[in-house]
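The structure appears right after this line, and notes come after that.
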Amino acid sequence: MSATLALTEQLIARASVTPDDQHCQQLMIERLAALGFECETIASHGVTNFWAVKRGTAGRAGKLLAFAGHTDVVPTGPLEQWRSPPFVPTHRDGKLYGRGAADMKTSLAGFVVAAEEFVAAHPQHRGSIGFLITSDEEGPATDGTVKVVEALAARGERLDYCIVGEPTSTATLGDVVKNGRRGSMSGELVVKGVQGHIAYPHLAKNPIHLLAPALAELAAEQWDEGNEYFPPTTWQVSNLRAGTGATNVIPGHADLLFNFRFSTASTVEGLQARVHAILDRHGLDYTLNWSVSGLPFLTPRGELSNALDAAIRAETGVSPELSTTGGTSDGRFIARICPQVIEFGPPNASIHKIDEHIDVRFVDPLKNVYRRVLEQLIA
């Protein structure tokens, strides 16, 4: 059994449902410390994080490439639906089954073994290697990567390159890498009316009727046209609530929850201003609370994307596509202290599902891609 596969199995066997790390990080830290990494645990409100760095011969003057990822996994769902226990690594039909196999314990194992092989082959490597690992990516993500980034920023630590081990591939290993993600912003809108008897509408104000024209305009609005890297910004309603449950009462308020997924072609302030303008134009009496869970980030083609492209081609023969689709990731936090952030990992078809798995034939090639990038950028 390869070193990467063995470590993957060890990590899967630890039931690290978010935010409980179950000592996955300690297992990684022990391996990294043996290589000479300086390892620091940064805990916050029950979340376990660590930052590890091995300086190269150039010290802080050299480039720093960090691997970022998460040890936490999503809950298993109904255990009886799994063909094998989710935290017992199981081989079947050339695949390794277990919660976290694809998202993202194989990537974590690949990071560690790639670093081990690289340091053994290049003991005098010029650049530095970092690890930024959290147990709070699948949860609220309020005490995980963002806390490590804040700590690193406070001490003036800057990363030059970062590979996030998210499962970005689709049909085969290496066909898709993510060089950015859209931002996410939600709004909680309450439109005020006047409750009353449904037979006497002149004595009430129906907030649903008042909201409807504005809602139609918001849904039809073209927020931007996107750009070379991002599709157009989208606005979607997630929840609409009103009424008492009775059929003869006009409600006193209507509550609307909505979300923007926005590109670098729009700004938080610009989108908020346009929403308020539409609501004001329709004369609504309302309150609106905003929450921004992530800003968009983008890594244009450059040293990291070129190195990853070359490594994937050499290892798999696949020509990767750069993409910014999908939801948010911890890359949005890391981009604050790192100009080049790219996500790359195994196929994602089974992530978060019953019988999550990875094709065993992809395990070592994934590790080899990570090692090749180290060799190209910091050897």
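Think of each number as a place in line: the chain as shown, counted from 1.
Heads up, the Cβ atoms here are built off N, Cα and C, so glycines get one too.
Within the same chain, residues at least six positions away from Asp103 (Zn(2+) 1 binding site) with a Cβ under 8 Å of its Cβ are Val73, Val74, Glu166, Pro167, Gly345, Asn348, Ile351, His352, Glu356. According to Swiss-Prot, the Zn(2+) 1 binding site annotation covers His70, Asp103, Glu166.
Annotation note: Asp72 (active site) sits in a coil segment as assigned by DSSP. The active site annotation in Swiss-Prot covers Asp72.
Taken residue by residue with DSSP, Asp103 (Zn(2+) 1 binding site) is part of a helix. What Swiss-Prot lists as Zn(2+) 2 binding site is Asp103, Glu138, His352.
Swiss-Prot lists Glu137 with the feature active site, proton acceptor, giving sequence analysis as the kind of evidence. In three-state terms derived from DSSP, Glu137 (active site, proton acceptor) belongs to neither a helical nor a strand segment and is classed as coil.
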Taking the Cβ of Glu166 (Zn(2+) 1 binding site) as centre, how many other Cβ atoms lie within 10 Å? 28
Whole-number Å distance between the CA of His70 (Zn(2+) 1 binding site) and the CA of Glu138 (Zn(2+) 2 binding site)? 8
Asp72 (active site) and Glu137 (active site, proton acceptor), Cα-Cα, nearest whole angstrom: 7
Quick one, of the recorded positions Asp72, Glu137, Glu138, which Cβ has the fewest other Cβ within 10 Å? Glu138
Residue with minimal Cβ packing [other Cβ atoms within 10 Å] among the binding-site residues His70, His352: His352
